[in-house]
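Participant: I am attaching a structure below and will ask some questions about it afterwards.
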Amino acid sequence: MLKLIIPTIMLLPLTWLSKTHMIWINTTTHSLIISSIPLLFLNQTNSNLYSYSLLFSSDPLSTPLLMLTTWLLPLMIMASQHHLSNEPPSRKKLYLTMLISLQISLIMTFTATELIMFYILFETTLIPTLVIITRWGNQPERLNAGTYFLFYTLVGSLPLLIALIHTYNTLGSLNIVLLTLTARELTDSWSNSLMWLAYTMAFMVKMPLYGLHLWLPKAHVEAPIAGSMVLAAVLLKLGGYGMMRLIPILNPLTKHMAYPFIMLSLWGMIMTSSICLRQTDLKSLIAYSSVSHMALVVAAILIQTPWSFTGATTLMIAHGLTSSLLFCLANSNYERTHSRIMILSQGLQTLLPLMALWWLLASLTNLALPPTINLLGELSVLMAMFSWSNITILLTGLNMLITTLYSLYMFTTTQRGTPTHHTNNMKPSFTRENTLMLMHLSPILLLSLNPSIIAGFAY
């Protein structure tokens, strides 16, 4: 794993030692090269799962998430260039340092084998994200958003720390492999139920589960572009990853405890999709759509069948790329119109025809059109839910319908209609932006040719 961690750490001196006009080129090139390293981890067979080291190892669940994390850093750097064009060089370097340190802690979180180390790194990701949101956001409300983000996550995570210490006292080890192999059966007593809640609550806040999701729209709306991208694409997946790691340790109690949470996520999925239909703020709409997509993942993980785990992993990767792409598109609109209100940016199709193509493709991937991996993930989860209970098909089917509606609503309000007066002197789309959109879309479409590499343990 060091062959991935050390080059990423070396991005820090590269950033600070580069000349001012070379910062973007150097960091983008270096981070693109780093993003090819996780591809080496793909050819592991299931037999030598933990073959790396005692501290860091990768397996079929963490490798796709590592690929997503490393692929996202060059894209974030490319997306931030216009946003930081008026900042002094030291401020640009500090911003990049925050992104890189976030990347390092994410890589180490996805590969940690000790649960306490996983917990510490899980919390470490808060600090750079908080700095990015509260320092580089656009509106004064960003401080409020930062407080929400910090307190929701910390209050959710404290019970997890206590539960981990309790487990360590009783079992003497917190190695994930050992715990999975030697886990005691948890009976459904009050104390065990509370421990189950303590274990899962941190991840449910992070996912976020409906009801614990209020920090997400605030944080997304106020964050700068790179903050929104990494928050939607990778930080939400930390919750799913943690749940998939820890749920097998908590059996058979999960079978009893999962019902209210599955119901809540199915209900929340429809509620947040419906909320999307009456949003006027573009970034807020994309944030709520993230909540509804991740609700499916929560339900899938709690069912605990191989198919639902496959669907959850695929859906996490697909959603990471799609929502990041949507935030990039929203940001390109924001940089031109200086407003997030959708109606004010209507009729952009006539002014930026190529951007309209990216908008169309992004909307279609968001509503899970074949042959994208979004469809594969949703179908796997749908079938797993259906075999768990037939009635769920009504809720998931309704959710698919509403998702289609709000995706097309988002597309038509921003692209169709008559252009408003303040969009007359608009800049054309830059090559950098088109490349950025293409680099988001190409993995979504290409992975549909060989989806087994992001399907997790089932393959």
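Any Cβ shown, glycine's included, is placed from N, Cα and C.
Bear in mind that the values here come from a model prediction, so they are computed numbers and not experimental data.
Just lifted these from Swiss-Prot, have a look:
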type	residues	note
TRANSMEM	20-42	transmembrane segment
TRANSMEM	60-80	transmembrane segment
TRANSMEM	113-133	transmembrane segment
TRANSMEM	145-165	transmembrane segment
TRANSMEM	196-216	transmembrane segment
TRANSMEM	224-244	transmembrane segment
TRANSMEM	257-277	transmembrane segment
TRANSMEM	284-303	transmembrane segment
TRANSMEM	308-330	transmembrane segment
TRANSMEM	341-361	transmembrane segment
TRANSMEM	391-411	transmembrane segment
TRANSMEM	437-457	transmembrane segment
Participant: Under 8 angstroms, Cβ to Cβ: which one of 145-165, 196-216, 224-244, 341-361, 391-411 has the largest number of such pairs with the transmembrane segment (308-330)?
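Facilitator: By the under-8 Å Cβ criterion, the transmembrane segment (308-330) pairs most with 224-244.
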Participant: With an 8 Å cut-off on Cβ pairs and a sequence gap of 6 or more, do the transmembrane segment (196-216) and the transmembrane segment (284-303) reach 3 or more such pairs?
Facilitator: yes
Participant: Have the transmembrane segment (145-165) and the transmembrane segment (113-133) got at least three CB pairs under 8 Å, pairs 6 or more apart in sequence?
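Facilitator: Yes, the transmembrane segment (145-165) contacts the transmembrane segment (113-133).
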Participant: Would you say the transmembrane segment (60-80) and the transmembrane segment (437-457) are touching, if the rule is that at least three C-beta pairs must lie under 8 angstroms and be 6 or more residues apart?
Facilitator: yes
Participant: Counting only pairs 6 or more apart in sequence, are there at least 3 Cβ pairs under 8 Å between the transmembrane segment (284-303) and the transmembrane segment (113-133)?
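Facilitator: Contact criterion not met.
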